[in-house]
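What follows is a short report on a single structure.
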Amino acid sequence: QMVNYAPFTLLPSAVPKALFEQAYAVQQDFNLLVDAVSQNREFLERTLASTIKVDDFTARLFRIYTQVLEEGLAQSVFLGINRSDYMIDCAVDGTPALKQIEINTIAASFGGLTSRTPAVHRQVLKVLGKTEEASRLVTNNPSQGLALGIAKAWELYGSQSAVVMFLVERVQRNIFDQRCVENELWNRNIRVIRRRFRDVFEKGSLDDARRLYIDGQEVAVVYYREGYVPQNYDPQNWEARLLLERSRAVKCPDIATQLAGTKKVQQELTRPGMLERLLPGRAASVARIRETFTGLYSLDLGEEGDKVAAKAIAAPDHFVLKPQREGGGNNLYGEELRHVLEKIKDSPERTSYILMDKIKPQPSKNYLLRPHSPLKVSECISELGIFGVYVRQGKEMVMNKAAGHLLRTKAIEHADGGVAAGVAVLDTPYLV
């Protein structure tokens, strides 16, 4: 096993203060929206109908979702930890605007490690003689906010002896990020265990009240740090997932909330009038959310989808083609986008993608510090993520907040991919 430092930028990157504040201000609205979508069976069924015909992974998640609903939910406390990601789009006249890339509703990472980066950048600025600038870096501690949400869900579950289970991958490349959140829970005297799907399959069971037990310990909260890509599953892992979803334990996320984070849902939310239907009586929330939307287009079969496909094939550099996948490194751009769309433009397979306007951020120069990588100045672009945490008990929202931020920066030649995908590095916003 090799331990390497997490990659980071040498210097903090400039972020417009007004847009940073806008991203924070809209996070509670996005929390409400994700939660509303997760409770709206009719919306999820209609929105994902075409996707589940062609995308086996989404279809399998959806099967578990309907099975659990038919049986009746045992879970009454719901915990959402999400991260809404943005880029700053630079208009032709140079005006910057905050545009949402996606919202991650499962295993949203780096809340732990990014809690440590402001101190690193403060130190670097001080060494460079920039004490005044160093003092202006915002403190940021998402791991604390995420832990508060998990702790609240654990408390509402109502069993002092129950544990929080981090559901983790076999090879844990990002363990230190998770440990930051875990330690916050231990500090609150909440026991944490780490298990894999395989452990759940072999040792998990439900009692008559559908309480979840692993190795004889009752589990109050299941915090997923895996389970978001097809490679995470084999037949036994699907069985384990079903067992977890059928249980009374608070799942973060429950399967409905994972489905609410799909790209197809994201595209459907931009349709005129859709936000109003999902968030009735919340006109201000709807306006704040809509302001962050960029153009998203459906590739469903029919005239609308045909036009969209033709438009993208004609001008591939204006768009991004996104499959229904999490974890970065899956999107298609430029010539590759054109090639794939030409191949699938007349087949139902195209409905497993959505098309999005390509955001054009203003690049800036920085050094990207990575293990075993030469040091050079790179032209970089950044992505700002805001962590959201909410807890609902029955119909009542008992917690809804923005829990901190994450700035990731990458060299412009890498169109797609995050930190875990080995492309982006951790950064700190320097507000201007």
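Backbone N, Cα and C atoms are what each Cβ position is placed from, and that goes for glycine too.
Some features that TrEMBL has for this protein:
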BINDING   ARG83, 106-109, 172-174, GLN178, 225-228, ARG408, 419-420  substrate binding site
BINDING   GLU102, LYS263, 322-331, TYR333, 356-359, GLU383, LYS410, ASP416  ATP binding site
BINDING   GLU102, ASN104, GLU326  Mg(2+) binding site
DOMAIN    162-260  domain 'Glutathione synthase substrate-binding'
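The most densely surrounded of the binding-site residues ARG83, LYS358 is ARG83 (count of other Cβ atoms within 10 A of its Cβ). For ASN104 (Mg(2+) binding site), the binding-site residues whose C-alpha atoms fall inside a 10 Å radius of its own C-alpha are ARG83, GLU326, out of ARG83, GLN178, GLU226, PRO323, GLU326.
Each residue contributes its Cα atom, and for SER109 (substrate binding site) and GLU326 (ATP binding site) those atoms are 12 Å apart. In the domain 'Glutathione synthase substrate-binding' (162-260), helix, strand and coil residues by DSSP number 41 helix, 26 strand, 32 coil. Taking only the Cα positions, the spacing between LYS410 (ATP binding site) and ARG83 (substrate binding site) is 18 angstrom. Per-site Cβ counts within 10 Å over the binding-site residues TYR228, TYR333 peak at TYR228. Mean per-residue pLDDT, taken over the domain 'Glutathione synthase substrate-binding' (162-260), amounts to 96. Cα of ARG83 (substrate binding site) to Cα of TYR333 (ATP binding site): a distance of 24 Å.
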